[in-house]
Amino acid sequence: MGTAPTEVTQLKLGKLKVARQRLLQRYEHQPFVFCLAGLYGCQWRRYQRTHVQPGHCCCSKWESGSFALIILTFCLSLVFLYFWSEARNDYNDFDWFNFGNLGFWFPWSIVLLILAVFLFTYVAVLLLLAVCLLSEGQRLYLHWCHKIGISVTLILSIVASSVLTDLWSKEWMTVLLSFQVTAPYLHIGGVVLMTLLSWPVAMHVFRLNMRVRRVAMMVLYITVLLTLYLVPLGMHSPCIKERSSLGSAPALIGHRGAPMLAPENTYMSFEKALTAGADGLETDVTISYDGVPFLMHDKNLRRTTNVKDVFPNWTHTSPAMFTWRELQSLNAGSWFFSQDPFGTASSLSPDERLQAQNQSVCTLRAFLDLAAQYGKLVIFDLYRPPRGHPYRDAWISRTLDVIHNESSIHSSQVLWLPPELREFVQESDPDLQQTTGEQASVEELQLRHIARLNIHYSSMSEKEIRKYAVANISTNLYVISEPWLYSLAWCAGAHSVATNAVHILKNLQRPLFLMTPDEYRLMWTLTDITSLLLVVTVFVFHWWRERGLALSVDSSSVLENGSYRQFRTEVNDVWSLSNMSSSDSEKQVPSV
């Protein structure tokens, strides 16, 4: 008979355990929370013991700092990812810049892009896990491995952004230009994100005990949301216009030919550009030691020729110090396959590969004759030879001599870019189209007989382009190879662009992201209204649920925080009953 009370107590405790388990299953999504806590803090077994009491802080001060660090790292890694994604137009320049400093070729730009995507994804997943845990009422315990990972990501994002800003500050202008194209869609993305956040925000607002925290959270959320709603009022984009006001597509000038399809500045490269539909050709001209103008961009020959194999002691020598016979002995095409700067070498057919591998340095005369054969425009930079060169003071007249006496091109097809001795050139050949890279006043440009501007795309301005166009001064932008950037130049009214991707841009039938003002107004108005309705619905739902659950527990008592308050009360009752039963059991057991 002495063991009967013990058996009864065990039976009661068993029932209490079942009741407690059911309560936990009722108020927690066990598998879901199990995975969240495990991935976020490696708490695969302790997740039920880390529940936040309603109205209390979600975590300790240390963990609150970790959560704030995740948010900061998310923002900075997003900025870095967006910055580097929009810089894709200039990846080739970045890789060649590193080649000049390191002495070997490697696609650093792609590696950096992959790293940026990986780091942002990692931080975004952690932030999503944290938000889901908070929505489930769980305390945050970020594992130390993740804390190290977040710190490393933050440091890498800051260092990479700082270094790129120092070396490549113009790319931030590219980011600003990209907003003119992507801003309408970034606005929609921001509104969608804030709408999704309304669920956890509303849940915590109606469960917080402290009125100050509740008001602060509401004010912050509403401020950000309203700001996003009103952003389009101050937004401007050249691609938001009536289709009837859209001008013709900018002419395409092959930058050093078609460097994606053949070795740059070779005869084959220019042929490829013309076959792809180029309206003009661009190059850089240097004069050999014996007076032959030829095409070469760099200050030495080691990037685009095999000078290291043929003249190992002259790898850093100026190309102008070589005779034409020495230049002819160099191969100007094999590097295209060993370095594959655009990752397009594999697209060439066997015959094209053989042709490319046997390319030599191209002369200015051959370049001009090819353009004359197709009736295309040409534009080129002209490099003055170094001191001690026989043609250092005659480089302008020697180039004009090739244009007038050695080639078949007409002067009107030449966009004359070199600024030196411009008046002399203008007097000797008025048919040349004078071109400059200086954005001077209209009056000054007209006084100098400038017919075209040649400026970097980062200086693109719809207002400036229109101003010059009224004075019959056309605008050429260099170097544009990405479709979104070409679309922006099209919408802004540019007359021509120098590009590495004639074969890609030629296929665009209309600008990307083009929409009429009415279409844009309808898009952002519907987005804002839909978001507002959803946010109000979410807040009303949480208010109704918390209020309804609180009233349904006991109509004579005032409960503070709805379902979580009820959960805490029921669990506490279960544990109290369990402790009382344990005490009774101890009293009923006779002492020995």
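From the backbone N, Cα and C atoms, a Cβ is placed for every residue, glycine too.
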Range annotated as transmembrane segment - as stated in TrEMBL, picked from 184-203, 484-503: 184-203
Contact call for the transmembrane segment (522-544) and the transmembrane segment (184-203): at least 3 Cβ pairs under 8 Å, seq gap 6+: yes
Spatial neighbours of the transmembrane segment (144-164) far in sequence, C-beta under 8 Å, 6+ residues away: 40-42, 66, 69-70, 72-73, 76-77, 79-80, 83-84, 87, 112, 115-116, 119, 122-123, 126, 171
Long-range Cβ neighbours of the transmembrane segment (67-85) (under 8 Å; 6 or more residues past either end): 58-59, 112-113, 116-117, 119-120, 123-124, 126-127, 130, 140, 142, 147, 150-151, 153-154, 157-158, 160-161, 164, 171-172, 175
PLDDT averaged over every residue in the domain 'GP-PDE' (250-509): 95
